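Have a look at the structure below, then the notes.
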Amino acid sequence: MRRWLLKSKLHRARVTGTEKDYEGSISIDAALLSEADIAVGEQVQVVNVTNGERFETYTIEGESRQMELNGAAARLAETGDVIIVISYGLYVKDEQPEPTVLLLDEENRISERE
């Protein structure tokens, strides 16, 4: 048996912009993607703490401290909203991996690792 478990989380990120006229996705700082072990193109769940929206999209590499929602997802958040970006991994039943959890400050810098 396999289970979907938390693999990575960017907690309390701030939306830096929205671009509705784009194919889709979320642009995330390349260094944050690397630190969180989230691949470019990986499916992620985004939880908007500010308004309660939840949705799935995929990642693209962004600029330093960027956290920008693109395409249809851009309608689900506004600049300044607090979000959580979550990725999951498929693990065998007895596997209990330690997830990578990064808490971010108001400027999308890592403030703490859990």
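Any Cβ shown, glycine's included, is placed from N, Cα and C.
What you are looking at is a predicted structure, and each value in this text was computed from that prediction instead of being measured.
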Query = So Swiss-Prot lists Gly71, Ala72, Ala73 for substrate; which of Thr50, Thr57, Thr59 goes with them?
reply = Thr57
Ask   = Quick one: Cα separation, Ala73 (substrate binding site) versus Ser25 (active site, schiff-base intermediate with substrate), in Å?
value = 7
Ask   = On the Cα atoms of Thr57, Gly71, Ala72, Ala73, which are listed as binding substrate, what is the maximum pairwise distance in Å?
value = 10
Request  = Measuring CB to CB from Ser25 (active site, schiff-base intermediate with substrate), give everything in the same chain under 8 Å that is also at least six residues away in sequence.
outcome  = Thr57, Tyr58, Thr59, Ile60, Asn70, Gly71, Ala73
